[in-house]
């Protein structure tokens, strides 16, 4: 395994982590009263847009899954539209799952949906950038020993960390601490964000540590 490829992955992941930090700090210079807790819905939108934009740019620049075949313009448009549909369906699915796990069904619909968008940005968008709208490839990557590149291994780790972070973030909500960050869905979205950032750091370190065991044979 080439060390240069691992360094590219580390640099890309650090940029994604930096985009989240900037999404929490930079808008305060342009929006009065902006803060992660005080204007959480605004932050959810800003963070989702920043992470999504940077992931798409990094995919176009680094081309970690570049296909040797050249596709037509019509095929690219069709692929783009499918990706948009898949992302929207992912937001709806995450929204439904979150409600089934106890989120308010009628109240706080906007908060729940924006949280679902954030989760989709941390998970589904990465799948779309790396694998495209190919459900079979998604199933392969998230099956045991299914990754075929360090980018797919990183996708596994960051997606799982994001979902686990959101799950752990729900634990403080029912406690009677009366803290501002216990309001739905602040703790869950912060948990997902910290989980995603942890995954971004853990992934290249884990790959580097296990690089001798990772062969990534083509299937």
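Backbone N, Cα and C define each Cβ position, glycine as well.
Bear in mind that the values here come from a model prediction, so they are computed numbers and not experimental data.
The transmembrane segment annotation in TrEMBL covers 9-29, 41-62, 83-106, 112-132, 153-171, 183-209.
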(request) For the transmembrane segment (9-29), name the stretch out of 41-62, 112-132, 153-171, 183-209 with the most CB-CB pairs under 8 Å. (result) 41-62
(request) Sort out the residues at least 6 away from either end of the transmembrane segment (41-62), same chain, that have Cβ-Cβ distances under 8 Å to it, and list them. (result) 8, 12, 15-16, 19-20, 22-24, 27, 31, 34-35, 110-111, 114-115, 117-118, 121-122, 125-126, 129-130, 189, 193
